[in-house]
């Protein structure tokens, strides 16, 4: 039983570390409290789920939105350049945001944690909006399909990438859009995140220079309905946050209608525990882990959810206020900057933070960096324990463990990694809600300790000497090999795909008039 003793000591140590970090973050998170905005109550309402009696589950086939020939969407961003030069030119500057981090190469633990899932091959931090189509084409996760029916991913993987998506849903209906493989949309989804994703570009208000904000993706409107909101009648604060919720949210692919429909799991709430409860009740899993056999969940990018739990969300400060702040051109005309500044504290302080905060830029930069370091420290501790839990589960299976013996330990792994992923996939959670991030990670540490304690008992029962020997995953190359991923083969196939298939997609899209020029090919730095 030595394994149980070791793991229980570890549990106490890691939980203490998480609590210390949590206390520090909570002390620093008060910087904006004195400047609470008048929209506090409205923002609070946005966080609340609809009454239980109003809640429902994923839509049935009959409830999916049909073809809508009356909904006209001009997806080509370039066509708005002449009428809206300031907004368009600032949006085009997202092309300057070429840098991203190759996350799984920087942190090979992820390769193990995502074993059996495409994220183990490649996962990168985000860059400029203009690269959304380019990056989903180039990433190893989407494979190298040779025709419209090939490849590993469904059509739904295009859903956040640009305004061609609502155009296609209007033309094909939801069932038609969400059916089939990702490659089906290769010559159709060609305009990256842009104008018609957020604006009703055909309306008179838009032509008159008003924002005319709109959500044109039916699954997003259904999700807002679950929290008691109707986009069209919502106030400006809710709408400004709601358009970002087109994409910056947690979602899953529901297959009950025969397609891969995008659904937001908000039926019990939008916090990590409520979403987990929903997934558990419907028996959903994103995949089965390749070595531990745990039924895993993959958080997407729950920025909207985590923002709503933080100081800014609670006080009605929206994504647009910080990342797309008002600015002036050389003639003094005020407009919304569409460059989408990733780090406004460093890169746009006077137009954002300084409008509410009395602290200096240096002070706030140090505060945010400390939050990030605190979250990162405990997150890596959780990753270390998750990696060990997956290998320990594999060892238990290899030594004759049964499904009945393993089910509780595997469920604990599922819940622990879900919490890690919820915090990790929301790239700015250290800024949006650092105290919430640390609470989530601390609860993940508790659950992985529970998993490892259960596994220690199972391993001892089957005569396994503990601690077990863990493989060397100190580099991405070593981790890929341990997890059975032939990364060079994947890369060569993708290179051929980029060279041969993508030019044909671009050629077809241009011939149809869907784009004027092909999506950018600037490589990431």
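Counting begins at 1 with the first residue displayed.
Cβ coordinates come from backbone N, Cα and C, glycine included.
The feature region 'Disordered', as given by Swiss-Prot for the ranges 1-21, 22-42, 43-63, sits at 43-63. Among 338, 357, 371, 390, the residue that Swiss-Prot places alongside 195, 198, 199 at the heme c 2 binding site is 338.
Binding of heme c 3 is attributed by Swiss-Prot to 244, 247, 248, and within the candidate set 101, 129 the record adds 129 to that site.
Record note: Swiss-Prot gives 319, 322, 323 as heme c 4-binding, and the candidate from 430, 432 in that site is 432. Following the DSSP three-state reduction, the secondary structure of residue 199 (heme c 2 binding site) is strand. Using a 10 angstroms CA-CA radius around residue 432 (heme c 4 binding site), the binding-site residues that qualify from 244, 248, 251, 301, 312 are 312. Recorded residues residue 301 (substrate binding site) and residue 323 (heme c 4 binding site) have their alpha carbons 16 Å apart, per Cα-Cα distance. Checking each of the binding-site residues (160, 161, 298, 322) against residue 247 (heme c 3 binding site), the C-alpha distance stays within 10 Å for 160, 161. Surrounding the centroid of the Cβ atoms of 157, 160, 161, where the record places heme, the chain contributes additional residues within 8 Å, namely 132, 136, 156, 158, 159, 162, 165, 189, 247.
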